[in-house]
Amino acid sequence: MERRLVNSTSQSKTESAQQDAGKAVVLLSGGLDSATCVAIARDQGFEVHAISFRYGQRHDGELDRAAKQASLMGVVSHRVIDIDLAQLGGSALVDSSIAVPKSDHVDKIAGDIPVTYVPARNTIFLSYALAVAETLGSRDIFIGVNALDYSGYPDCRPEFIDAFQTMARLATKAGVEDEHSLTIHTPLLHWTKAEIIQRGIELGVDYSQTLSCYDPQGSSDEMRPCGQCDACLLRAKGFAENEIADPAIG
């Protein structure tokens, strides 16, 4: 599914974008990090083509937020790609029989690989992004992975991103013809959640229209965060450190 969004006001480049940087494919989940990534790509002058995934996630209300962010930020196109990772299982995010870990404080988040890790998810998502980028003639992919807040996820590490970029340059027509043809941008990789939020606010991201929760309650378009999963706790910590209220919680 693809929607082309036309909004001359929201598509205007920010003052800091000095020139048209070309097309960029941005992974947009509907969460806080990916929305910030879209804003950063636009601020750098890229023509943003967003992609989202309906992969059997229990928090599929994030896709409603992704559509809203795509519209608010004036992306040129927004694709929603269907992949049924629930067939494979192995994660609390796609298997309702596995409980999402809950806690009352961010310091209690476990340091090992959590059950919310979806096997090979970022490898799969980036592979689709790579195919879309090559089809569009784009040299740039943005993904909002973060190695500080999500250190337990193996596919959020800089080593993984570097390895995938090397693979992409070997496995594509564009890469064979120009070994430096593709760059995977990870602008949030070494930022704290507070720093991500601060930058997003500077760029005008509407965080009221984002959903970070792994186990939200309610219908898809009205899902409310649980407030106790790892994602909720880290998000709350980020807003608290900025001394502002989370606009998504009212």
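Including glycine, each Cβ sits where the backbone N, Cα and C put it.
Straight from Swiss-Prot, the features:
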BINDING   Leu28, Ser29, Gly30, Gly31, Leu32, Asp33, Ser34, Ala35, Thr36, Cys37, Val38  ATP binding site
BINDING   Cys213, Cys226, Cys229, Cys232  Zn(2+) binding site
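Structure coloured by features recorded in Swiss-Prot.
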{"residue": "Leu28", "record": "ATP binding site", "DSSP (3 states)": "coil"}
{"residue": "Ser34", "record": "ATP binding site", "DSSP (3 states)": "helix"}
{"residue": "Cys213", "record": "Zn(2+) binding site", "DSSP (3 states)": "coil"}
{"residue": "Cys226", "record": "Zn(2+) binding site", "DSSP (3 states)": "coil"}
{"residue": "Cys232", "record": "Zn(2+) binding site", "DSSP (3 states)": "helix"}
Within the same chain, the residues at least 6 apart in sequence whose Cβ is under 8 angstroms from that of Leu28 (ATP binding site) are Ser34, Ala35, Cys37, Val38, Ala50, Ile51, Ser52, Ala66, Gln69, Ala70, Val75, His78
Cα nearest Cys232 (Zn(2+) binding site) among binding-site residues (Gly30, Leu32, Thr36) -> Leu32
Spacing of the two Cα atoms, Cys226 (Zn(2+) binding site) and Gly30 (ATP binding site), in whole angstrom, works out to 16
Cα of Gly30 (ATP binding site) to Cα of Cys213 (Zn(2+) binding site), in Å and rounded, measures 10
Quick note, Leu32 (ATP binding site): same-chain residues at least 6 apart with CB under 8 Å of its CB -> Lys193, Ile196, Ile197, Gly200, Tyr207, Thr210, Ser212, Arg235, Gly238
Not counting Leu28, Ser29, Gly30, Gly31, Leu32, Asp33, Ser34, Ala35, Thr36, Cys37, Val38, residues with a CB within 8 A of the CB centroid of the ATP site are Leu27, Ala66, Gln69, Gly144, Thr210
As a whole number of Å, the Cα atom of Cys213 (Zn(2+) binding site) is distant from the Cα atom of Thr36 (ATP binding site) by 16
Going by C-beta under 8 A and a gap of 6 or more residues, the same-chain neighbours of Cys229 (Zn(2+) binding site) are Val100, Pro101, Lys102, Thr116, Cys213, Tyr214, Asp215
Same-chain neighbours of the Zn(2+) site, Cβ within 8 Å of the mean position of the Cβ atoms of Cys213, Cys226, Cys229, Cys232 and not counting those residues, run in sequence order as Val100, Lys102, Ser212, Tyr214, Asp215, Pro216, Pro225, Gly227, Gln228, Asp230, Ala231, Leu233
